[in-house]
Amino acid sequence: MEPAHVPVLAQEAVAALAIKPEGVYVDATFGRGGHSRMILARLGTLGRLVALDRDPAAIAAGAALDDPRLTLRQSEFSRLGKVLDALGIARVDGILLDIGVSSPQLDDAARGFSFRFDAPLDMRMDPGSGISAADWLATAEEEEISEVIRTYGEERFAKPIARALVAARQKEAITSTAQLAGIIAAAVKKREPGQHPATRSFQAIRIYLNRELEELKAVLPQCVERLRAGGRLAVISFHSLEDRIVKRFLRTESLGEQAPPRLPIPAAMLKAGRLRLVGRAQHASDAEVAANPRARSAVLRVAERVAEAGA
């Protein structure tokens, strides 16, 4: 197996799960198993861990763990409920989500996620499904490219970037990461200090092609449904769009059903919140950011499932 990669906020996230030795847990974003190893180290012989990842390379690497308490499944985490049903698991004691692309994916030039390497332009978390970045850029309309880069990358130069990409592909196909980064860099007239001009666009295309925000929106309600009372949900996000979705969802689920303004509905008739927020949002320490600059934008949010009335 590859050398163990320590995920961002790993200690904080696993500690937040308050692991019970005989509990059942889900690592919905296995990656290279950093979180899973830490969870397994805290589980007893009767404990169980279900780990998911849509990347076949992650599942192949995870097979080397060879732990009878670990069940690995190649799947998008939006299918969490179906995976648990297939395993005969109704409720779990904790779920961990580490959103976004993993460091091994970024560091593997062949995957085409990063402009740090000149490689074929792919960006798919599961190379066996969906459309590659090269194929999408070859056919997408200029307006669509602009909208994707603006929406998912929060890039203010989305329009000139899209215009430059469409003009460039008319001369030759955009098939490599270096080629894409160069076109974007030439189109961005004003650069952010300390950031490559292609950063936001690469991020936007990756998020769009892998439907990352849709996946997140789909899995969060399933997490609440599958947690037993007292079970914990820990979510690590690296992008403001992701964190916004997580923050709003957890807040809504903690508040419960709200009566319309000036409508006298008794509180007993309203559905209570299903979650209790646990502490404040956590960020990586200065020491962790110094050791791993990717930790700078990481945010950890934790919530606990509340027992339903009458349960």
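Heads up, residue numbers simply count up from 1 along the chain you see.
Glycine too: its Cβ is placed from the backbone N, Cα and C atoms.
Copied over from Swiss-Prot:
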BINDING   GLY33, GLY34, HIS35, ASP53, PHE77, ASP98, GLN105  S-adenosyl-L-methionine binding site
Sequence-ordered list of residues in the chain of PHE77 (S-adenosyl-L-methionine binding site) that lie 6 or more positions away and have a Cβ within less than 8 Å of its Cβ, or none, is ALA28, THR29, LEU52, ARG54, LEU97, GLU215, VAL219
List of residues, in chain order, with Cβ under 8 A from that of HIS35 (S-adenosyl-L-methionine binding site) and at least 6 apart:
PRO7, ALA10, ALA13, VAL14, ASP27, THR29, LEU96, ASP98
The number of other Cβ atoms within 10 Å of the Cβ of ASP98 (S-adenosyl-L-methionine binding site), counted over all protein chains shown, is 24
Looking only at DSSP and grouping its letters into three states, which state does ASP53 (S-adenosyl-L-methionine binding site) belong to?
strand
Given the binding-site residues GLY33, GLY34, which one is most crowded in terms of C-beta atoms within 10 angstroms?
GLY33
Restricting to the same chain and to sequence separations of six or more, state which residues have a Cβ under 8 Å from that of ASP53 (S-adenosyl-L-methionine binding site).
THR29, PHE30, GLY31, ILE59, GLY62, LEU72, GLN74, SER75
Where does GLY34 (S-adenosyl-L-methionine binding site) sit in the DSSP three-state scheme?
helix
